[in-house]
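*Asks:* Starting off with a structure, shown below.
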Amino acid sequence: MKPSLRMHGLVQHINAVAQQLGLDMLTVKKEYIFRTWITISAPLTYAVFGVYWGFIEARRHWLEGIKSCIMLGGLVSGSAKLLTILLRHTPIRDLLYFIIKICEDYEQRGVDFIHALNFGINRVYKIQRIIFVGYSITFLIMLLMPLVLLFYKGIRITVMPYEIPGLSIDSNIGYGLTYLQHTVPEVVGGIGFYLGDMLVLLALNQIQTFADIFQLKATALNDALERKEQSRYVCNVGEYKDFNIQALLMDLINWHQLFVEHTINFSYCELVERIYDNLIAAQVFAASVSIVICLCVNLNEFDLISAIFFLVSAYSMSVYCIVGTQIEFAYDQVYQTVSCLSWHELNCEQRKLYMMMLQRAQNMKIIVLLGIVPLSLGTALQASELDFCFGSLLAKNNI
């Protein structure tokens with residue numbers, strides 16, 4: 001299958017998931033249907049009932065109040081994903097079509113480019129399977145565990161960490177209605193988390209694919225420069241062969257501008273950051289806050305819901321930071337590729353262009369969270385260390 005068809009199928013899969021929430025990503029004009037309002041109501045429901053129940057529980061004991069806030073990070077990250085999709089619908093749609101167009105253009109340039117595109121698509125599919133399996137298992141456990149405990153042990157726990165005022169979970173009707181109400185934001189949240197992560201990680205992973213294409217273009221230019229060097233040993237005096245070096249160099253520079261050039265349309269990396277900057281920052285920092293709360297609760301006493309949500313938070317933060325680290329490696333690959341070109345075979349004008357590209361390759365645009373810290377595994381490790389220290393401090397002093 002052609003890379004463009006595979007990418008088109010992946011985009012259609014993401015759009016099919018969005019349509020389940022009433023969010024069609026490929027339409028020119030977004031429409032608000034019944035499912036859209038259900039999706040919008042999910043975070044609002046948790047915000048109203050969760051905050052209200054948290055105040056009530058905090059009056060009894062501080063730990064009970066914290067238990068009511070264990071999914072606060074999920075509320076923040078889920079709301080950020082929903083607002084990003086609603087408010088930046090057109091840029092997201094244009095970005096998806098641009099990715100498909102790149103595949104359509106470069107699959108016609110030969111087998112090497114097809115392999116590079118397919119390798120990038122395979123990488124996205126691997127991440128998609130990891131995200132899908134992870135969210136499916138954790139959210140199914142959160143939905144089914146209350147039913148298992150109810151039928152086998154007679155213990156009544158709620159899916160979400162709050163109760164609805166006026167409905168007692170001690171009665172069968174009250175517990176049933178509470179469970180049904182909790183199921184709606186839980187299902188919407190699970191699908192929404194998967195949708196938001198796929199949109200962001202698809203866009204971020206294209207940076208690695210673009211770096212692979214840059215490598216192929218640089219290899220073609222380097223081969224031409226080496227042939228030019230070898231030709232001097234066999235050519236007659238005064239004879240000159242160009243080997244299409246100027247065209248190959250300009251093609252390489254134009255592609256490199258897709259990474260770093262500051263134009264009206266922005267480079268690809270800047271465009272991705274402008275669209276998803278708040279979403280990525282909210283995802284990482286909200287997951288970090290959720291980890292602190294869940295640690296604090298479980299270090300005092302074991303709580304099943306907080307333990308499961310701890311895994312969800314750590315899992316989502318790790319995926320984003322791992323992809324951020326891979327992007328940094330892609331930037332290093334681009335810089336090393338530029339540095340290893342046989343620049344001494346270029347003429348004076350070509351060397352000036354090469355030096356400009358080399359200078360920009362040394363200052364690649366990285367993904368920065370709120371303009372403070374880079375999106376990388378180092379950030380994830382620092383955040384995890386702070387989370388554990390802060391959670392342990394709260395648990396030890398019973399603050």
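Even glycines carry a Cβ here, placed using N, Cα and C.
Predicted automatically and left uncurated, TrEMBL annotations should be read as such.
According to TrEMBL, the protein has these features:
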type	residues	note
TRANSMEM	32-56	transmembrane segment
TRANSMEM	130-152	transmembrane segment
TRANSMEM	279-298	transmembrane segment
TRANSMEM	304-323	transmembrane segment
TRANSMEM	366-384	transmembrane segment
*Asks:* With an 8 Å cut-off on Cβ pairs and a sequence gap of 6 or more, do the transmembrane segment (130-152) and the transmembrane segment (366-384) reach 3 or more such pairs?
*Replies:* no
*Asks:* Looking only at residues six or more beyond either end of the transmembrane segment (366-384), which have a C-beta under 8 A from one in the stretch?
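*Replies:* 204, 269, 272-273, 277, 280-281, 284-285, 288, 291, 314, 317-318, 320-325, 327-328, 331.
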